[in-house]
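Heads up: the structure comes next, in C-alpha cells.
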Amino acid sequence: MNRYHFVGIKGTGMSPLAQILFDMNNEVRGSDVEKAFFTEEALNRKGIEILPFDPENISEDQIVVQGNAFSDDHPEIVRARELGLTIYKYYEFLGELANHYTSVAITGSHGKTSTTGLLAHVMRGIEPTSFLIGDGTGEGVADSKNFVFEACEYKRHFLYYRPDYAIMTNIDFDHSDYFSGLDDVIDAFQEMAKQVKKGIIACGDDENLQQIQANVPLVYYGFGAHNDFRAEQVTSTENGTTFDVFLRDDFYGTFRIPGYGDHSVLNALAVIATCDYENLPKELVKERLETFNGVKRRFSESTLNDQVLVDDYAHHPREISATVEAARKKYGNREVVAIFQPHTYTRLKSFMDDFATALAEADTVYLCDIFGSAREQEGTVTIEDLQSRIEGAHILKRGGTGVLRNHADAVLLFMGAGDIQTYQREYEEVVKLEA
C-alpha cells in the first residue's frame, strides 16, 4: 500500500484518479481550494480527505500527484521537493497507470467525456474494467483487464500516453491560449496517433481526422458512406434514438440509445467499433448501450414545475450547437432557452462570432458574466461584446434569475464550464420559495 497526496484533488481528472488509487487499497488524500466543485461528491462518498492547501500537508512517506493547474512553485510542491519526495504530474502518473492494462484512450476536441463514460459503462458490464472519466468519476476494479480513460490534448498532455487503442472523436481549434491554430492542433493529434499500439477508431466524418496517418489499423465511423462503421435510418423516439449500423456494406445490427442528437449517435458508433475490435459480444454491447444514463454535466436533466432544466458543460460553439440540437430532437416544439456563461476571456475572444451563431440557434438567449480560470482572471473582451452580436440576447445577473419564470413549459439549457450551476441553483431556490 502506498500513501498518495493530490495537490488539486478536485480537478476533473485528479478526482477520478484519486478514486482509482483508493479503490486499489492505497491511502489517498489531497488538498484544494475551499470552493465546492461537483468533482468532490465522489471523494466525499468514499471518505477521501480533502484539506485546505498547506505545506504541512506534505510528509516524508508520501507520493505526490500534482494537478495540471498548479505550478512547480506551489507551496506544497516546494515542500515535497525539499523532502525529496517522488512527484508526478497528473498526466505522467496517468500514463504509467495505463501501461498496466489493455488501455483505451478517448481523445478529441469535443465529446471525450461522454464517449469515455459510454465506453466504460458498456465494457464494465461485460468484463472487469477500470476507468477514468473527466466528469470526476473514476473506479479501480479488482482484476481489471481493461482501462478506459479520457485523454486531453491541452498542452499536448496526451503525448505522455501510449495506449493500446485510441478513439478520436474530432479535431477542432480550441485552447487558443496554447495552440497557435488548427494546424497546430492537427499536428498534436498526429503525434499522438503515432504512439497508439494496436488500433485507432476515428470519426471519418471529420475532415481533419481524415488527415491522420498511423502505424496501426485505422477504423472510421460516422454517417458517410466511406466509413467502416456507418449509421443509417436514425430515428428519434420518445425513449431515445434508434439506428441501423453497417460494417462496410454488411448490416451489423439495430441499436438504441437513450440520448438524442447526431453527436450521441457518433459516440455510440465509436463504442460499437471499439468493442467489435476487442471481440466483445454484440448482443451484450446492445444491452449496455440501452441502459446508459449519461455522465455528469452532459445534458443532465431535471424538472421544475412545467420547465425542463438541463445542466451541460458545453463551452465551445460546436458543443453549444450539439446541446441545442439534442434539446430540439427530444422536446420537439418546446421553447429552447440558452443560459450561457463563457469560460475564459481568451476562448470568448477567439470564437466570438462562432459563439453568437451557435447561441442564436436557441429561441431565447441569456448571457452570464465571463468565468475566468486559474490561469486567466481578466481579459480585453466583455459579455456585452457577445450580447451585441446576438439579436434579443439578455444579460443575466446573479440575483436576477427569477426572470426565467417567464418561459413557461420551456427547456432551459444552463451551459458552461465555470460555475453556471450556481445560476441554476439560485433559480431553483427562487421558484421553491414562491411555491
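Glycine too: its Cβ is placed from the backbone N, Cα and C atoms.
Database features, via Swiss-Prot:
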BINDING   Gly108, Ser109, His110, Gly111, Lys112, Thr113, Ser114  ATP binding site
Exercise. Have a look at the binding-site residues (His110, Lys112) and report the one with the fewest Cβ neighbours inside 10 Å.
Key: His110
Quiz item: Which residues in the same chain, at least 6 apart in sequence, have a Cβ under 8 Å from the Cβ of Ser109 (ATP binding site)?
Solution: Glu153, Thr169, Asn170, Ile171, Asp172, Phe173, Asp174, Val185, His316, Arg318
Quiz item: Quick one: which residues besides Gly108, Ser109, His110, Gly111, Lys112, Thr113, Ser114 have a Cβ within 8 Å of the ATP site's Cβ centroid, in sequence order?
Solution: Ile106, Thr115, Thr169, Asn170
Practice problem: Report the member of Thr113, Ser114 (the binding-site residues) whose C-beta atom has the most other C-beta atoms within 10 angstroms. | Solution: Ser114
Quiz prompt | For Gly108 (ATP binding site), nearby residues of its own chain (Cβ under 8 Å, 6 or more apart in sequence) | solution = Thr115, Glu153, Ile167, Met168, Thr169, Asn170, Ile171, Cys203
Exercise. Please report the number of other Cβ atoms within 10 Å of the Cβ of Gly111 (ATP binding site).
Key: 24
